[in-house]
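K.L.:
Please find one structure pasted underneath; my questions will follow.
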Amino acid sequence: MSKPLEGVKIIDFTHVQAGPACTQLLAWFGADVIKVERPGAGDVTRSQLRHVKDADALYFTMLNSNKRSLTLDTKTAQGKEVLTKLIQESDVMVENFGPGALDRMGFSWENIQKLNPGMILASVKGFSDGHHYEDLKVYENVAQCAGGAASTTGFWDGPPTVSAAALGDSNTGMHLAIGILTALHQKIKTGKGQKVAVSMQDSVLNLCRVKLRDQQRLDALGYLEEYPQYPHGSFSDVVPRGGNAGGGGQPGWVLKCKGWETDPNAYIYFTIQGHAWAPICKALGKPEWIEDPAYNTAEARQDKIFDIFSFIESWLSDKTKFEAVDILRKFDIPCSPVLSMKEIANDPSLRESGTIVEVDHPKIGKYLTVGSPIKFSDMAVEVKASPLLGEHTDEVLAQLGYSADQIAEMHAARAV
Ligand code: CAO
């Protein structure tokens, strides 16, 4: 069966994580993604954090599946000529170089438009065009600090904290993918391409939307009732770090289960959903709390929410996180075990759904990766191995019309 993006040709001028995460997603959905890499070196992640000597690192293989690899030195005349041809024949070019690198290479947006007015140029930068930090190079944690995630993550008595989730990198790549698909849809109507720009700061901030909500509520009221600081602690004039508090109107916390003394992940997340108060009381063996006015409204519970969590922890003390969730799910209580990466890797449901996928790679053998989190009724996403450096160079050059002799000459000149 043909894939939805079959026929869409993408020049993948990306590296590290933000750009590659975007183009990998588009490759899964059928686009022909040609990863352009510097001869001899390639994407820096090929060699970063290797676990098999001289083989591509997982950092690379897990972000570049289903792509083709073309090595090209775009600072040589021949390399520029090949890139020019590629631009003329492609639909999308994705890049996440440092600010100005593409212009310095001679491929400014103006020049690209002249070469192919239908081209969609999709760029990731740390900060948006015109921002007072637009010249900065940016990695994941820098973006988390600039986008409001770090100042609002962690505990109130600790420093700003970054998340393990790639809010700056892969999240920005996902935003870019949405932008590219939108521009492709528009191109069907107008025939014209356009520039799609996503900054890592903006993408992080987009996920921290509720914290901007909280800043405005704090400005107006001087307190935030869902934060652990309320009502016993104090607030300053900025949104505080709320530990593991629920971000919305449902109080929640990470609670210890049996074995927490030795297992760092023997915890569950427990949510006290307002309308689920009665089932919660039943599950905990506290039916007297159901009608008790000291407990039966969210407002009444607010000043003793941590006493309630302590009580739930004592209820959890003889139950593993899995046993606890198996009981609580029967009462419709939103909760989950805190899962370790090892548990996730071995989770049969995640394997069955194609979210955790085993891939065979010619040099590193079998490894696990995260497959498409988006499921389609009419398309199975097949995750293939990432390409070796330059694996498809000759194939791509031949498709661009170069003869075997010309290709050999480019190899000799180290242009590819
Ligand atoms: N042939 C020839 N030259 C090439 C090339 C190729 N195939 N591919 C890249 N280059 C050159 C670029 O033209 C650039 O050259 P100049 O600086 O001389 O013009 C050079 O390689 C380096 O590019 P860079 O600035 O992108 O690389 P860096 O390692 O110094 O910075 C990063 C890396 C990620 C900090 C920077 O690219 C960046 O800020 N990108 C935007 C934000 C982003 O995506 N960050 C997320 C990365 S994931 O954590």
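Cβ atoms are placed via backbone N, Cα and C, with glycine included.
Copied straight from TrEMBL:
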- 15-18, Arg38, 72-75, 96-98, Arg104, 137-140: CoA binding site (BINDING)
- Asp169: active site, nucleophile (ACT_SITE)
- Gly248, Gly249, Gln250: substrate binding site (BINDING)
K.L.:
For the recorded substrate site, enumerate neighbouring residues of the same chain (Cβ within 8 Å of the Cβ centroid of Gly248, Gly249, Gln250, site residues themselves excluded), in sequence order.
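P.N.:
Near the substrate site, beyond Gly248, Gly249, Gln250, sit Glu226, Gly246, Gly247, Pro251, Gln273, Gly274.
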K.L.:
Which residues of the same chain, at least 6 positions away in sequence, have a Cβ lying under 8 Å from the Cβ of the residue listed as 'active site, nucleophile'?
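P.N.:
Non-local contacts for the residue listed as 'active site, nucleophile': Val16, Gln17, Ala18, Ala21, Tyr139, Glu140, Ala143, Met200.
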K.L.:
Near ligand 1, which of the binding-site residues Ala18, Tyr139, Gly249, Gln250 have CB less than 6 Å from any of its atoms?
P.N.:
Ala18, Tyr139
K.L.:
Given the binding-site residues Gly248, Gly249, Gln250, which one's Cα is the least distant from that of Asn96 (CoA binding site)?
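P.N.:
The answer is Gly248.
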K.L.:
Taking the binding-site residues one at a time (His15, Arg104), which has its Cβ surrounded by the most other Cβ atoms within 10 Å?
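P.N.:
Answer returned by the neighbour count: His15.
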K.L.:
In which DSSP state, out of helix, strand and coil, do we find Tyr139 (CoA binding site)?
P.N.:
coil
K.L.:
Within 10 Å of the Cβ of Gly248 (substrate binding site), how many other Cβ atoms are there?
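P.N.:
Result for Gly248 (substrate binding site): 11 other Cβ atoms within 10 Å.
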K.L.:
Using Cα coordinates, what distance in whole Å links His15 (CoA binding site) and Gly248 (substrate binding site)?
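P.N.:
About 36 Å separate the Cα atoms of these two residues.
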